[in-house]
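A.B. asks: First the structure, which I've put down as structure tokens, then a few questions once you've had a look.
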Amino acid sequence: MALTDRQRRTALAACLAAGFATLVDQGLLGIVTPALQRSLAADTAQTQWILSGYSLTFGLALVPAGRLGDRFGRRRLFLTGVALFSLTSLVSGLAVDPWLVIVARLVQGAGAGMLSAQVLGVIQDLFAGTARARALGAYGVAAGLSGLVGPIGGAALVTASDDSGWRLALLANLPFALVAFVLGLLALPRPRLRADAGAAAVSVDPVGLTGLAAATVLLLLPMVWAGASVPLLLGGAAVALMLFVGWERWYARHGRTPVLLPDLGRAPGYVRGVTVATFWFGAGVGHGTVLSLYLISGLGFSPIVAALVALPRSVTFVITSAVSWRLAVRFGHAVVSVGVAGQLLGAAVIGLAALWFAPSSFLWTVVAVELLMGVAHGLSEAPNRTFTLQSVPSHSAGLAAGFLQLSQRLSATLVVAGAVGILLGGAGGPTFGTDGFVVASALVVGLLAASLVASILLGRGQRTSLERGDGAVVTAAAPRPESPSPGADVAPDAIR
């Protein structure tokens with residue numbers, strides 16, 4: 001039975017609430033970690049695990065959760081993920097031992113990855129064309145609001161009460177998760193068998209999933225474990241990846257559907273869009289991390305000041321995300337290129353300002369530039385996601401969205417680790433100095449430049465049109481339009 005518009009809107013609201021809960025949790029953690037460390041007497045290694053464990057399991061859960069969502073239905077995976085995320089939020093907020101926080105954060109990350117893999121898949125399934133672009137724009141708005149509420153809310157709670165403030169901050173996502181669970185229970189359709197051949201071909205590849213998980217763990221662990229183990233872990237990751245690729249080829253040759261679907265690798269719009277997002281996302285997270293650390297540890301500003309500096313960017317990002325789909329319909333993929341270029345210019349200006357200006361002048365320069373970078377951010381994120389996913393077969397939507405997010409998580413982990421290492425090296429000690437910040441900013445600029453190059457190539461060679469919900473195509477000028485993959489712009493009546 002076809003879903004009504006009201007049911008679609010309610011399902012979208014469930015996705016937005018879930019996405020907001022997971023993103024606001026990440027936004028506030030960096031602000032409240034020092035208070036948590038003091039309260040629980042966590043050592044350096046424990047603090048590293050608290051900060052990195054969530055992202056580790058978040059990234060690992062994305063691909064298998066997306067695959068299982070394609071196979072068994074998104075409703076079941078979404079509700080399980082929200083429940084797991086909520087219960088472990090409660091455990092981490094009430095924990096009296098740092099190791100309990102670490103375990104809770106690891107499991108919470110898995111729950112967040114499980115539900116996040118379904119969110120973009122739900123949007124891909126229930127909406128088509130410009131309706132999908134609007135839905136993804138709304139998701140961008142939720143992300144922007146989380147970036148606004150998370151750091152400022154966490155800083156305010158910690159300032160009010162150093163001991164209990166971090167606990168309240170870690171529990172702050174529970175109301176949003178509860179709303180997401182209730183709305184998902186009411187609106188997300190129950191799985192049903194589909195008649196199309198694409199869905200019939202879907203199968204779960206447990207060996208492939210295990211190999212990919214092993215390669216990912218070995219790749220991410222060096223970001224947490226430094227020293228002599230790093231070469232061994234990286235070598236193990238390379239071996240696991242080669243074995244994984246070999247297995248996937250064998251699996252596909254025998255008529256089965258592997259984790260790495262051939263359709264995804266053969267869709268240039270998807271491959272290049274993921275490349276744009278990978279470089280851009282890692283650069284964005286790295287920029288925000290090193291900027292906050294430099295303001296607090298390098299220049300001596302308070303956490304609340306560091307949080308307020310991000311406010312203009314969050315506001316302009318929310319506003320721009322709400323209308324970016326209209327610009328994407330009119331101008332095509334050029335909107336993404338303009339957005340990435342704006343962020344590149346902003347990161348370069350902030351890096352140079354650290355050399356040229358005194359701390360007070362630098363602070364106001366950052367506020368002004370971040371405001372403009374929020375506009376650029378809003379122009380690039382949702383439109384690029386729309387163009388990336390529109391060439392993906394509908395029966396692979398969850399897996400495609402999962403790979404998109406996984407690539408971003410891996411990029412963010414690597415860039416943050418590298419940028420923070422540069423900051424420490426530039427400072428020559430426990431503080432974060434200007435030289436290190438400038439070099440870290442150069443790293444960010446280089447990654448954004450790579451993203452811009454990929455974006456321009458995508459705009460030249462790929463389809464830059466969106467399809468309206470009624471099936472009519474709205475096309476921006478493109479030299480060589482690309483035919484979409486079968487089913488890419490068809491929104492089925494129910495989620496598998």
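The backbone N, Cα and C atoms fix where each Cβ goes, glycine too.
TrEMBL annotations: computationally assigned, not manually curated.
Annotations for this protein, taken from TrEMBL, read as follows:
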DOMAIN    11-463  domain 'Major facilitator superfamily (MFS) profile'
TRANSMEM  46-65  transmembrane segment
TRANSMEM  77-96  transmembrane segment
TRANSMEM  102-123  transmembrane segment
TRANSMEM  135-160  transmembrane segment
TRANSMEM  166-188  transmembrane segment
TRANSMEM  200-221  transmembrane segment
TRANSMEM  227-247  transmembrane segment
TRANSMEM  267-285  transmembrane segment
TRANSMEM  331-356  transmembrane segment
TRANSMEM  362-380  transmembrane segment
TRANSMEM  412-432  transmembrane segment
TRANSMEM  438-458  transmembrane segment
REGION    469-496  region 'Disordered'
A.B. asks: Suppose you look only at the domain 'Major facilitator superfamily (MFS) profile' (11-463); what would the mean pLDDT be?
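C.D. replies: Per the prediction, mean pLDDT sits at 81 for the domain 'Major facilitator superfamily (MFS) profile' (11-463).
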A.B. asks: Residue list, the transmembrane segment (102-123) vs rest of chain: Cβ under 8 Å, 6 or more residues beyond ends.
C.D. replies: 11-12, 15, 18-19, 22, 25, 46, 49-50, 53-63, 65-66, 69-70, 74, 77-78, 80-86, 88-89, 91-92, 95, 132, 135-136, 139, 180, 188, 385, 389, 397-398, 401-402, 404-405, 495
A.B. asks: In terms of Cβ proximity under 8 Å, which residues at least six beyond the ends of the transmembrane segment (267-285) contact it?
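C.D. replies: Here the qualifying positions are 336, 340, 343, 347, 377, 380, 384-385, 387-392, 400, 403-404, 407-408, 410-412, 414-416, 444-445, 447-448, 450-451, 454-455, 457-458, 461-463, 482, 485.
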A.B. asks: Taking the transmembrane segment (135-160) as reference, which of 77-96, 166-188, 331-356, 362-380 has the most Cβ pairs under 8 angstroms?
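C.D. replies: Ranking 77-96, 166-188, 331-356, 362-380 by Cβ pairs under 8 Å to the transmembrane segment (135-160) puts 166-188 first.
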A.B. asks: Is it true that the transmembrane segment (166-188) and the transmembrane segment (77-96) have 3 or more CB pairs under 8 Å, sequence gap of 6 or more?
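C.D. replies: When sequence-distant Cβ pairs are counted, the transmembrane segment (77-96) touches the transmembrane segment (166-188), since at least 3 lie under 8 Å.
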A.B. asks: Near the transmembrane segment (77-96), which residues from the same chain, at least 6 beyond its ends, have a CB less than 8 A from one of its CBs?
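C.D. replies: Apart from its flanks, the transmembrane segment (77-96) reaches 14, 18, 21-22, 25, 40, 65, 68-69, 104-105, 107-108, 110-119, 122, 167-168, 170-171, 173-174, 177-178, 180-181, 184-185, 188.
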